[in-house]
Every structure is written in structure tokens, then in C-alpha cells.
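Quick look at what Swiss-Prot annotates:
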- CYS60, CYS62, CYS75, CYS78: Zn(2+) 1 binding site (BINDING)
- ASP536, ASP538, ASP540: Mg(2+) binding site (BINDING)
- CYS895, CYS974, CYS981, CYS984: Zn(2+) 2 binding site (BINDING)
Amino acid sequence: MLDVNAFDKIRIGLATADDIRGWSHGEVKKPETINYRTLKPEKDGLFGEQIFGPTRDWECACGKYKRVRFKGIVCERCGVEVTRSRVRRERMGHIELAAPVTHIWFFKGVPSRLGYLLNVTPKDLERVIYFASYMVTEVNEDERHNDLPGLQDEFDSEIKRLEQRRDSDIEARAKKVEEDLAALEEAGEAKGPARTKLRNGAERDMAAIRTRYNDQIARVDAVFDKFKKLKPGDMVDDVDLWREMQDRYGDYFDGCMGAEAIKKRLQSLDLETISKELREEIKDASEQRKTKALKRLKVVNAFLTTGNKPEAMVLDVIPVIPPDLRPMVQLDGGRFATSDLNDLYRRVINRNNRLKRLIELGAPEIMLNNEKRMLQEAVDSLFDNGRRGRPVTGASNRPLKSLSDMLKGKQGRFRQNLLGKRVDYSGRSVIVVGPSLRMHQCGLPKPMALELFKPFVIKRLVDLNYAQNMKSAKRLVDRGDAEVWGVLEEVISEHPVLLNRAPTLHRLGIQAFEPILVEGKAIHLPPLACAAFNADFDGDQMAVHLPLSAEAQAEARSLMMASDNILKPADGHTVTMPSQDMILGLYYLSTVLEGVKGQGRVFSSLEEAEMALDRHEIDMQAKVLIRLPESFVLPKNWEPGEVKVLDPREGEDEVVKEERFHDGTVLFATSYGRILFNETLPTDYPFVNEQVAKGRLSKIVDDIAMRYSTQQVAATLDALKDLGFTRAPWSGVSFAFSDVNEPPERDEKIAEYEAKADKVNANYEMGLLTEEARRQELIDLWTECTAEVSKEVEEKFDPTSNLAIIVQSGARGNMMQINQIAGMRGLVANPKGEIIPRPVKSNYRDGLSVLEYFISQHGARKGLADTALRTAESGYLTRRLVDVSQDVIVREEDCGTKAGLPIRVAERDNDGNLVLVKAADGGPYSRLLAADVIDPADGQTVLYKRDDALSMDVLNDLVAHGVEEVKCRSVLTCESKRGVCAKCYGWSLATNKLVDVGETVGIVAAQSIGEPGTQLTLRSFHSGGVAAASDITQGLPRVTELFEARTPKGEAPITEFAGSIKIVENDRGRQIILTPDADSGAPKEDGVIKPITYQVSKRVPLKVADGDHIKVGTQLVEGSVDPKKILTILGKRAAQVNIVEEVHTVYRSQGVDIHDKHIEVIVHQMTRRVTIIDSGDTDLLPGELVDNARFREINRNIVKNGGRPAVGRPALMGITKASLATDSWLSAASFQETTRVLTEAALSEKVDDLKGLKENVIIGKLIPAGTGLARYRNAVVEPDKAIRDTIYPNFGLGGDGDLGDASFSDADLSDLNFSNLEFGDLKLGDDFNPDDFYSDQGGQPDIEE
């Protein structure tokens, strides 16, 4: 077997006939598959055991040799080798063709490679291949040249002879007519009509003679003419002409029909000469001919550089794939189901055998040609059914699946079996909430856990002597004996499992948890993990996967634990936020009410306050004063205040003051609920003495995530969750429909606006308003009415009611929903997305009328339809993004570049003060500085050095110092040859530390952009015909448009030169006339610079004014600019920044946070190539797309040797095009256009370096990222006690030192190699062997390289 790690490159090329015979184990001669009586494969058939190997392990076909001891013997009776039956998945056969056939990929693909090579149009090529035309394959030029004078004489004499015969025949006929006339005269019958009839007949005969001879002369003339000019590659459609030419001059040339002709032509090609001729043609040809020559040169060059033989595109032998890859299965009714490939192979074999027989019989050429054409068609449909003509169909008119179809599309080999495999040791079940679970735990149903951990349990049962051997241990497990469950508990402890919820839109869709055994059949999920998985408990299912090896377990525990994945990689915010019930509980606790029991009481300690609460002396929401120890961290900017005492006793003050005592303790005013809330936060975190709703809680959690270790954050979140769940029922929040009160003024307001609407309609009836103006006025009216009613609802809404608590805390719902229940629904849109000017005046509390209900349906239905479409569209976008960026991996620490991007950190607010830019967390945050930052106050002090990271604190400090812009390192300016470097990327947003080498930042970027894709709108916004000329594309279509580098709809022009603007309006629209400056470099006509006119619509708002002087690249009107124009006019960097900003704008407008660096990674991939304009002294071809790094390297070497470097211009490619243009043919073929990619790769004999992720997944190697990198793969890690104590489950609990064994010491840790959890070298799967368990295998050996 092939060792999967024994190679680091894969090459694809053209197989010659000898290669195919070399792979084969025998020729398939018969179309038969299996014998229907014996059900055994037929000899020499498509399933023949002699060729492909035995159907049963270690047994020949006739049964003479059975058992493994005869291994390798070939049976002399039946000719079958005694070996394993699985060789039937590997061994190939072949079919020797009676006539050559062309490979349809090379002839029918677009462009036709065969056509380019032979310089023949695809149409002509098809006529030759399918026996409609003859092709000249070779001409003996020298002999023809030498013999031409003699042949000319022969030709002349033949023409002369024919002319003489023509003249003599005509003369004879004339003489005959004279004789006939004379005879008539003698007979006395020479009347007018008789003479005329005789003459006419004679003239007809003479004309026929003349025509016959002239045709012969013309044919001879045509044959000789054709022969004189004959050259290889010429085609002749006229069969008679060809035969005549063959008869006369057959010694001087050769030619034929079909693939045979193509093969002979390919064998006689002189590629070196063709290459030289084409290079000459490129230098001084017209643009059209130059383009064609370039395309031809590309194909010719491919053959020259690789040493591939062109004639390999024509096949003499066809490989037959192994029978177990095209199986035949018996169904219940005795019938057979077979793979389509078998039918296609049978057609080929039948036609091939018939052709052989016809050749042996010496059949006429026309029959042979017909049979050869049918053979060609059979091979075509085997390779790519339906590519030419009508596809071959099977039963029920379904086109048969050919070899190409096996590779193509979602169900093809690449995407179905190589990139998406089924996984062993996995299960799936419905999820339910596990409120008592810690963040790192999940509940695993006992039956599922037992099945997943079965081998581990069996081994442990044998180790503990509960069973003598594996068989009895397995019986114990199947019976479910009591001891099994104890062993299962032991086996699963500290063995993490992976949970996954589909669709896995980002990397948080798979996380590791420690399993806890639970009853029932549902998986229990901790509520804090829901947001990351986007899971809820309405019937969602999740899959469980079991990491088996020690390395896999270590990776799951150290990198994938849910308690470590608290931050979202897209924006760096916390993803594990308490929600719903938890928020309600925390909001209730942190609320302080005026005038409740115990307000103003003073307590000497927390314990005293707790006692008072237990005795119902104080309310949890009462403001009390508690003396707190000096370790207590006060809120920022705290000043002592005072609290009014609710029921002061005699002699007590009515007001109590907060104060700080000399011993450092503080008398602090707060509620007991807030004390409880703050106890969940880290001890040194400033006291939060305010009401905590969802937004505030989010800020607190984000802040804690920034300041503390992951373990502390996880502990805090768990404590918040427990407190929220425990206290939510205490709040007693419940609500009924009656809690929603309609404002009494509602009906009056609606009536008032109805009157106004009637007035608008009356004006329309009188012709004072147009239809459009009426519509717009009504829409404005009812929008205003809805807002007024909503305002009334909010004003009359009781802020202490249960419903208000639910909404204000952010637990569920919002004011908009309350308005629809108590106020009015307002205006709704129709399916086109246009607003219907008739509003829904009712609310849900009163119920809708029939018409209102009907027009409301549009929105609901459109919402569902849109969601379905968006999901598909967003998924496809994510797939393309992943594909284009999958090989962007952090390859090195520092590329050493001095370049960077200027990024704004501050802006002016309305008062003119410098404040941090709005999207700071999505722009400058987490980047490294590309240059020192100097204090603008003195121009000398270095505030921060190059390579310092921009945290939020640093950014705020920069703003405080008056710094407005800094130069940051960026992926766009990174100079790593492959991938990016850590310093140009900056911090990983998932950890807030510098990104590790090996991090797959490309995939993370694609997931970050794709995951919120479903939240983006799908429609183009219609602005009511006022603001913009056309619908401005927004949402998901706009993102797609940008990433595919398409020219936007309603494109806004930008100026190519600096100059002055003049705006002219006329009937046809508006013209903006630019008069370029004299020094702008604009082209001149007769020494004068010609003005440039831009035609724009009158309805589009202008961005320039008449008489303005503008810079190069100024946008003239509102709208989207074509990034390709920006690239041409302003250069690569401006185009890159434009795409990043535009994509960011779309996401921000939908309220989605995403960091610019993710978009930059994608844009970096879109602009990483150069189009060659002039090849200089390099081997590059004009028009070729070359990687930036390779382009620079080639030029560097050329210049070093004194040559002329190539000239190129930056290219901007859409993500689909960029994915297909990748260096890895495996990656491109598994993306789209599989057959085209493979055709091109085979011709160029491309080598895949296996540097990306997809390529390695396809061939089953570890991916070259993360722990798959050699630097990590070879590391041996053993945790010590200190490390184990800091892991979150044991965090702050004294670790796991107390194992109940008094003699336990740290030294014993070295013996804990968990060998009982491992299988050593045993790999579970098909070859699971019980014998391997009898001796203890010990731990896995370390991987060595």
C-alpha cells in the first residue's frame, strides 16, 4: 500500500497507451458482467476474477485453492490469483481499441485544446473526428516538387485529350444529324416540324456531351489544383474528389478520416517551430490575431515544457476502473442494480468487438467508418456523457452517469467523498437545556456514551478483571450490567468529546466539552454555549464526535474547550453572553426601588445584611448601607452620597451618609441584590452599582474578557448564569394579555389622520396631485401617525409592570412588538418590497380586519421565502470565500516589511472635540504599528514604538494625546511569499494575543464574513424615486458584487485626470464636462487637451458643483464606484481600501460587527496576481496571470543576469476566478468547473505542492496548519500539576491534588500516562482485531520526523 506521508507533491499528466497497459491486470474482451445462474463473474468480462482478483478472500474462482496459506499462487485451472478480495478496489483492466479515438475533454472543451494545437476550428475538427471529412496527414513535398513538371505535362495532355474527345464526339453527332436530315430529304418527309425536332434533339445531345466532358475537365482541373496546393491539415469534404485525388496522386500524400487522422497529424507536429512562429506573430500582428496566437502558444508551450506527447490525447487503449468502484448489487426481487459505468463500458466493448470482426471480414470502408464513428461516440459518453449530442439514457430516460459526472458537482467524488467524509465514533441526538452544567460540560445520554466509549469500556473491564477476555466483556456491555456503568463513568472522566451543530457557519460550531452521564436520550447543552452554536431547544439536533488519540484529546482540551472559546473570532466580542431568563434574574437583582422595606438601614457587615434579608426585615431591592472591607474595589469616580431612611426610629436621622473610615473600610450604599450580583464578578473588579440590563451586562462581560484570563472569565460567566437562573423565579415575573393597555387617545389620533388622508385623496381626485405624489404623501402621513401612536403607547406604558421589566431588561421582545400589540401595525410592504399606502390601523390586541390580515400576509410569506433564498445565497458566498482564502495561513512571525496602511483613530464630534472613531473595534484595534507614533504636542516624544499592539487602552491614550491617524501593519501590505505573517495580521480576535504561526486566518476570515450573511437583506432598496436614480444594490447582493469585482449596477463615474468641472443640463440628461489641467497628462489632439464628457442621470445627486477644481479619481455623483476603474486610475492600494470600506459599510448598516482585517485577507487574495503586459526576457507570456511573489522573484533573477525584466499591471480578480486560478489544481478542481480544470492541469502536467488545506484533506494528510505544522507536530507535551490546576474545571478549587490517596505525590504524575485510555498502535475500523488487546500496548509513541 501507498504510505500517505511518503510524498509532498502530486502531479497530473496525460497517460500514454503504455501507461494504461502498465496499470492494467488484463484485457477486458467481453461485455458480460456476471453469470445470471451461478452469479459468478464471467471470464474476460467486466467483473472477471482473472483480471481484477478474487471475489472472496484467499479463494480462487474454481475453489481449488482456499485459505491464506496459498497466498500469491495463481490457480492453473481458472487463472485467478489467491489474495484478498479488496484488490478488486485497486486493480484496473483495459480495452484494446480496434481504432483510435480522441479524448472528448481535449477536443470538446472550451477552448478546444486539439483545435488550438492543430490550428483547426472546433467545427472542422468535429467533422473529421466523426467521419464527415477527410484530413490530409502528410504530403511528400520534395517528391511532388520534383515530379510536378511531369505531372503538369500529364495533366495538360489529359485535358487536351478530353477536349479532343469532346470535340470529336460533338463533330460525330453533328455529322450524324446532317446524315439524318439528308435521309429525310430523300424520303420526302423534310417538312418544317420534323427538321426542327431532329435539330433540337441533336443540339440537346451535343450540349450534354459538352457538359459531360467539361465536368470531367473541371474535375481533373480541380483535383490537380487541389493537389498542387495540398498541405498537411487540409480538409476535403467531397468524397469523390478525395477518391479521385487518391487514385491519381496517392503516392505523394496520405490522409484519412476520424481520430486516426488527428493522431497522425499530432505525431508529425514540430512544436519548436510552431512556438517560434507564434512568438513572431505576437510581436507584429493585429490585436485579434495576437490574442489567438497567445492562446495557441499557451497550449504549445504546455507540451514543450512538460514533455507530454500530443498524440496521448488520442487513445488506442481505454482503462477500465476496478469493479468494486462500479459495483453490481442483487436486489430483493432477484433483479440487479448496477452502476451506470458498466452500461457505458458494455457499449464500448460491444462496438469495439463488432469493429474488430468487420476489419477481419474485410468490410467496405463505409461500414468501417460508421462503426468507428459509433465507437468514438461510445467512448465519448463513457468519459463525459452529454457533452456532445444527446446523452445516452438508461431506463426511464435518465442520462447515464459518466466518469466526468462521478467527479463533478456536490455529489461528485471530490465534494461528496474526499472533502466530506462520514466519521466513525460519532452519534447525534436532540438537545435539551442543561442549566446546572458548567460551561465546559455537556450531558451525554448513557446509551450513547456506552456505544461511543465501547472499546475503552471493554478494555477497562478486562483490566479490572470483571471479564476474562474481550468476548465476555462485550457480553457484559451488551447486557448493561451494573459494573459497566461504573467503568463507563471512570472511562469518560477527563475525556473530552466534540459537539457540532449543523450548519457549522464558523469555527465555534464545533466545540469540546467534558461529558457528564445523564438519563434519557437527549444531549444536555449548557445554556451559555447556545449563542456560539446558534442553537435553541425547539427540536435542534447535535452531533457528538469522540477524539480517540492522545494528541486529538490534548488538542480538544487545550484549544477547543467551550470555556476557552469565549470571544468571537469575527469581532473580538464575547459570544457567551447570559440571555433571556438569566438577564431577567440579574436585572431583577440589580434593580433598586424607592420606598421599599428596609431602605436606609445600616449594616456592619455583609453577613448582618444577609441575616436581615433572611428575617424579611429588608427587601432585596432596597437601598441599604453596608460597611465593606478595605479590599473592596469602589466604582470609578465614586463620591460619598446619602440615602433617605424609609421609617426612621425615634432619635435616628432621616438621611444616612456614605463615608470612608480611617481603617480603609467603606460605608457603601447599595442593595443586597447588587451585592449578590457583584459577588459573581472577579474580586478585584470595580463594584457595579447600577441597574444591569442586557446592554450594560454585555459591556461588563466584554470588559472582563479583556482584563482577565479565560479561566476567570469562564468562572464569572458560570456564576452569572447560576445567579440569573436562581433569582429569575424570585422576581415573580409573569404577564397576561391584559398587561398590555391601549392608550385612550389612539382612536382619536387615527381618526385625525384619516381626515388628513381623505383630504389628500380629494386633492388627487381634483387633479391637484399626481399618482406618485399622492402615494408619497399618504406614506408620509401614515408613517407619522404610527410614530405618534407609538409615542402614546410608550408614554402610557407602566415602567414597573412585568412586561416593562421583560422588555427593558432585554430578556425578550422590544417596544416595536409592544406597539404592534397595543398601538397600530402601521404600513406594510407588498411582495415587490414597495410600501402599500393603506395602513393596518388595528393592533394585535383588538385583532385585524380581513383586508388588514390579508395585506399583512405578504410580509410574513416574503419573510420566509427571503430567508430560504438568503440562506442558500449566503452559503454559496461562504463557500467561495473559503475556497479563495483557504491557503492563507500565518506562515512566519515577521515578513520585515516597512509598508503599512494609514488608519484613522480619532474624529471630531459636534463640539469639535477629538473622540475615538466609531468603528475603532473593527478598524485600528488589534493591529500592530508599522511606524513609531510621535506625540503631536512636541513632535519628538515617541508615544508608541513600531510593532506595538493597538489595544483599546492604547487607542484611548492616542486620542488623549491628539493623534488622529497612525500607520498600521496590514495583511494588504504583507510581503510573505505565501500566506501572511503574524505581525502584519496582528492579534487574533479570539484570544486578544498576537496570532500564532499556523493559524488559518483565511478560513477564519471567510467564516467571519459568511456567517452573518443570512442576516443581510437580499433586496435592493427602493428609495421611492426621490433620493437616487436607480435602486442602489445593498445587503448580500452588494457584498457578492464587491467580492466578485463586478461593475456595480448604477455605476458612479470617477475622473481620470485633475481639472475643472462644468455641469450642463439638456433634454437627454445631465453632462459633467471635465477640462483636464495642462500638467495632468491628459491626451492632446493637435496640441490641445480635449475636454472629457460624463453623461449622468438628472435624478442622481451630484457630489461636485459647477466650477469646482477636482483631483484625480474624484467621484462625480452618488452611487457605487467600479473597483476596476479605481485600480486603473488610482492604483492597487486605493482599490483594495475601497473594497474593504464598502464591504464594511454593508455589514455595519445591518448592525453586524466584523473586523476589517478579515475583509483585507479576502481582498489580499483578490489582488495577489499580476497580468503580464510585456514578457521582457522571461518565459512568461503576455496576458498571463502570475502571482506577485513569483513575478518579483522571476524579475529579480532576470535583472541579476543582465536581462530585461517583465512588465505587468496589478489584476483585480473576483473570488470565483481567483479560486480557479489558484496554483493548486486539486483545490481548483474540487471547487467548480472540474473537467476544465483537470483538462488544463493534465496538459500542463501541473504539480500540486500540497501547501493549502483542501489539497491535504483530499489526499488524507494532516493539514499544514495549527498543530499539523511540523513545529507543533513534533513537540511532546506533558502537563505538570501547576498547569492542570489552572484548567478551568479545577480553577480556584485547589486542583485535583486530593485524589483520595494519602501516599500520592507530584512524582506520581509522571506515571500517569493514561495508557488505559489508549490503544497504542491499534487503529479502529475495518481491521479491528481482538488479539491486539491481550497485551497492554502502552502509550502512543511520539511522532518523529
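Quick reminder: no glycine exception, Cβ is built from N, Cα and C everywhere.
Here the features listed in Swiss-Prot are placed on the structure.
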| residue | record | DSSP (3 states) |
| --- | --- | --- |
| CYS60 | Zn(2+) 1 binding site | coil |
| CYS75 | Zn(2+) 1 binding site | coil |
| ASP538 | Mg(2+) binding site | coil |
| CYS895 | Zn(2+) 2 binding site | coil |
| CYS974 | Zn(2+) 2 binding site | coil |
| CYS981 | Zn(2+) 2 binding site | strand |
Exercise. So of all those binding-site residues, CYS60, CYS78, CYS895, which one's Cα sits nearest to ASP538 (Mg(2+) binding site)?
Worked result: CYS895
Problem set entry | Chain-mates of CYS895, CYS974, CYS981, CYS984 with C-beta within 8 Å of site centroid, Zn(2+) 2 | GLU892, ASP894, THR897, ARG969, VAL971, THR973, GLU975, SER976, VAL980, ALA982, LYS983, TYR985
Problem set entry | For the Mg(2+) site built from ASP536, ASP538, ASP540, further residues of that chain with CB within 8 A of the site's CB center | ILE431, ALA535, PHE537, GLY539
Seminar exercise, completed: Counting only residues outside CYS60, CYS62, CYS75, CYS78 in the same chain, those with C-beta within 8 angstroms of the Zn(2+) 1 site's C-beta centroid are ALA61, GLY63, LYS64, TYR65, ARG77, GLY79, VAL80
Problem set entry | Which of CYS62, CYS75, CYS974, CYS984, the listed binding-site residues, has fewest other Cβ atoms within 10 Å | CYS62
Exercise. Where's the emptiest Cβ shell within 10 Å among the binding-site residues ASP536, ASP538, ASP540?
Worked result: ASP538
For this session: List the residues of the same chain that sit at least 6 positions away from CYS78 (Zn(2+) 1 binding site) in sequence and have their Cβ under 8 Å from its Cβ, in sequence order, or write 'none'.
Result: LYS43, GLU49, GLN50, CYS60, ALA61, CYS62, LYS64
For this session: Pick out which of the binding-site residues CYS60, CYS895, CYS981 has the most other Cβ atoms within 10 Å of its own Cβ.
Result: CYS60
For this session: Measure from the Cα of CYS75 (Zn(2+) 1 binding site) to the Cα of every one of the binding-site residues CYS895, CYS974, CYS981, CYS984, then give the nearest.
Result: CYS981
Problem set entry | In sequence order, the binding-site residues (CYS895, CYS974, CYS981, CYS984) whose C-alpha falls within 10 A of ASP536 (Mg(2+) binding site) | none
